[in-house]
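Listed features, source TrEMBL:
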- A:26-347: domain 'Aminotransferase class I/classII large' (DOMAIN)
- A:Lys212: N6-(pyridoxal phosphate)lysine (MOD_RES)
2 protein chains.
Amino acid sequence: MSRFWSEVVHGLTPYVPGEQPRIEGLVKLNTNECPYPPSDAALHAIAAATGEGLRLYPDPEARALKEAIARHHGVPVSHVFVGNGSDEVLAHTFHALLRHPAPLLYPDVSYSFYPVYAKLYGITPREVPLADDFSLRVDDLLAAGPNGGIIFPNPNAPTGIAMPRAEVERLLRANMASVVVVDEAYAEYGAESAIPLVAQHEQLLVVRTLSKSHALAGLRVGYAIGQPALIEALTRVKDSFNSYPLDRLAIAGSVAALDDADWLARTRERVIATRERMSAALRERGATVLPSAANFIFASFPGRDAAALLAALREHKVLVRHFKRPTRIAPFLRISVGTDAETDALIFALDAILR
Amino acid sequence: MSRFWSEVVHGLTPYVPGEQPRIEGLVKLNTNECPYPPSDAALHAIAAATGEGLRLYPDPEARALKEAIARHHGVPVSHVFVGNGSDEVLAHTFHALLRHPAPLLYPDVSYSFYPVYAKLYGITPREVPLADDFSLRVDDLLAAGPNGGIIFPNPNAPTGIAMPRAEVERLLRANMASVVVVDEAYAEYGAESAIPLVAQHEQLLVVRTLSKSHALAGLRVGYAIGQPALIEALTRVKDSFNSYPLDRLAIAGSVAALDDADWLARTRERVIATRERMSAALRERGATVLPSAANFIFASFPGRDAAALLAALREHKVLVRHFKRPTRIAPFLRISVGTDAETDALIFALDAILR
């Protein structure tokens, strides 16, 4: 507390990201990073950009990156906005498109940064409870009354459950007066993307990141796809905030990563295969595992306290994540899909603890 | 215009950064970049960080960078905040510390991003005119009435004129109820830094960037130095906006750059020597050159229209910058200090045009 603070600062409860500990030999399954190294093409492109050119500002529009994203998804460049990770893209989205008198709708179990953004920008949220099977129901969103916007992750986090594209489309048809943001941070691992719906729905914005899908969490590149009126709002806010949120190395590396389609196909396949094996192994051990379309699973172990289980796993040098709230998800642990060896280490540790 | 936009978007007039054209052989003196390559140590550190580690999130606190900044300036780590270029640091500063009922004071001739931030965060500004010699007078700031904060670049941009530290201190002694932000983007080129005053003045925040001083405009690293209460406000806003604004390569490179004191001393000396030679050459040709403590000069050529002169220089492949407003600076061009060869090219082009 300080008399120098702007009023908004007093009420902020910042988002707390998963730990980034530096412990030798730790099996790190707590922040949904991709377990495989990024594309060699991306690393080579970064190396090529590491030189005298760094004395110059980056392209403030990051045109090369927008073009790579447009190629990757088959959309016009005018439909693309880029930012410093999808977190920055989401922040600008809340500021530019979701700040209206009517409340903003999002699921009660969802990305825990949403309420933080809402607070930062003075937006009133209304949480829509997930169904008993932890799925997000379009009818529940539509029954929530007038809204100033809707945002949800697809697949949802931390449940991993995906909404079919047909359901997203049904939502868009029934909700035309406010922006619908589909946060597809994990969509490359099995959800049906809403990107093909952008051309027909002017109120749709799809947000993505290269952190998980392209093993580039350390590079901070996110983007949004929407029709030009939505992109213009984001661009106006971005250009009133920071001209160059993406540095030269991030632009160079992400362009090459997006163009390396083979790497993506190969890595996605490996992660999905390990996810299915891990889910089966956990179910064999009595766990309830929600059906995941992401690179993590959400699992509870009946009769076991999740926080205690997390602590026990940590003693076995396996780090996972636990969310205390809302209380209905408190029995669950969120476990990132690692390499096969990391998955074996997790199972081995669980067997030792559950025995 | 779109019904989907948040209300604030309609009123925004974004900042327009200097061009980043890709023209072969262009002498680029328009965006105040350092004309020399960054430290080899920085490039090596980036190369060493370009690998599998990029699949992991960066340290959200960028602790290694804060420690390097603390070493560089001899301040406690708890006095340091870091961000994606000083533009992001300034944006968070406006949001976290300068949003109060009383107006924010800044010079009428100043960094043209300030009014943009003010608009973005709904802050009422009051511009304080520079004196006739284009200097910023402490007495004029103090005579402007109650304020919710004061911000100014030192040296000022685009004039290049520095305020002595004793004057900054006099301002701090007379203005204790609101935050005073000294934006030292160009301070390494000759101004007296206000950083030594931070320990004694809880309302002082000094903002810096590695863009100009360390030839790393392409890497996007900025920081602020202030007492912990101010740093906490910035951290709360940052952690409600984007957990990881600095990627792993930016952190690695900037730490090494800050630790390379020899590079900084050598480069600073070269830039200052060229600035003085360039100022003298322009004065010999009849120009009015304001006394610069930055890595650019602000010069007018009596009887010459500045916009026309910029266009003529561009035809000679020399790019400089012109600000139309406020009208009292319209006769001036802002010219970055380049290499000796670039300075010769500028003089050669000017001689051809003015002949």
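Placement of Cβ uses the backbone N, Cα and C atoms for every residue, glycine included.
Just so you know, TrEMBL annotations are computer predictions that nobody has curated.
The number of other CB atoms found within 10 A of the CB of A:Lys212 (N6-(pyridoxal phosphate)lysine), across every protein chain shown, is 26.
When averaged over the domain 'Aminotransferase class I/classII large' (A:26-347), pLDDT in the model lands at 97. Under the DSSP three-state reduction, the residue listed as 'N6-(pyridoxal phosphate)lysine' is assigned to helix.
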